[in-house]
């Protein structure tokens, strides 16, 4: 037992025993209600004066309004403290205010201790708003010229918040300034900076200025402007402002299925994440499509982006993308666009040379381009992979080069044609046709017109050889008998030219006969036959004749084989009796047949004419000689100087 030494008056005083008397109103096992005390008798006295029906005076109204305003301000201040404590800003990086954050974390009052008075800095506020907003990381700035400092207990405190990082602590003295209205307080946080800035009148000018401030160069140095939003392009440069940092981490994977090349640069500023990206899409897109796509991926409005195609002809722009792709500030995936490689890679730079007209002429000759418009258009499309075509586009004399190229190509083609015989020319024209064809539709059509095929072959043989008095064949008959269709298909296969009497008022209407193997005069009327009977008898004979040429001297030529179509049968006209012996006439009396679908029954195409001349070459005396059976051993024409190959 414990020692009780020193204890007096056992059982008495504060250390003694005490009695507790309990009053039990219910017996064991009786249910107890969960409601309020059932024993209390409700007399209704507690509801007396529940409704304040006293007379309201003017002074009480003002007091109540003041109380409501003070309670609203207190609630608002509590909510703002919670926001600054728990919410993060999606627009502003914490690095934007690192200096001020460190000061406030070390000591909330350290920033207020000043040994000398700081000069007032005049700041020009371009964009202001009267809204009270908060983003968490942003600063709450009171719109006054100087910060109001209030001393309490001998310690000065700054009136501005520390960027949302400094918070009041319990037990410390707090300064409660007077409640300012919304018109006197502006909260310029990261969110409000973006929203206020982008609500200004000229958004594009603001975005261009911010881009130049962040990257140190103008956005227009990298792009060329498209005035229309519907113009499509394969490559696009996009600058996006106010992107959330969580989106920036996943953007590369989100954009990958849509593009084949991506050059991504991220930069953090006071607005948040700034994106600069060069994209090459799998298909051509216009500005509206690109804006909708990126607005969905980046979760920003479309007017927060600058979207333009890149400068593909600027070496400065190409060098910028090339140099930045080598740094760790860029994320580059995919094959480098050819316009960047062409202007930056050493091999491409060495391949660039001055324009050579001979290479352009050789290309036009090999591809049978003699028209200026075709030469200009087709050669310009080769600039992506042909250095000479690129030099052609960079030249200021493109029109002159195109004209000279077409002229030289025509000279080479005419010289080549005049050097060939008719047999060689038909063989040359047949090589340009890949299809085999069938010769029977041509024979069937001649039989349909009641023309003896053997007689037609004998006349055609003399016509191809240019025999005097047999140098002109006339196809006559009623309309819609297939005269023009038959002759046009033959002239097209032989690469001939077509002359028209409608130009007879000009002295030069016969000039095309100087540079052709065969010719066609379509739809000769009485006036045309009369002109031929008066002035062109020597021409129809196949004898030499002088032809007037524009800007050139007269040319003495032998008329090429000539086809004439007409609705007039000159063999029945007495006045054309001097043409009877000079013109071979074939009559087409029957209409040209068509099936019920409107297609020609007898197909007269180049492939069928190729088969026709190949099948009947022996009858037409155009068969290759024995020396030519082994193929053409002559070298292809070259107008570009070659290099001498030294043999070992």
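Numbering starts at 1 and runs along the chain as displayed.
Cβ from N, Cα, C; glycine included.
What Swiss-Prot records for 165-188 is compositional bias 'Basic and acidic residues'.
Swiss-Prot lists 558 with the feature SUMO cross-link, giving sequence analysis as the kind of evidence. In this view, residue 558 (SUMO cross-link) is surrounded by 15 other Cβ atoms within 10 Å of its Cβ, with every protein chain counted. For the recorded site, residue 558 (SUMO cross-link), the DSSP three-state label reads strand.
Here Swiss-Prot flags 451-601 as domain 'SF3 helicase'.
What Swiss-Prot records for 89 (among others) is phosphoserine.
The phosphoserine feature in Swiss-Prot is assigned to 93 (among others).
Per Swiss-Prot, phosphoserine is recorded for 107 (among others), and the stated evidence type is sequence analysis.
Within the model, the domain 'SF3 helicase' (451-601) shows a mean pLDDT value of 91, rounded to a whole number.
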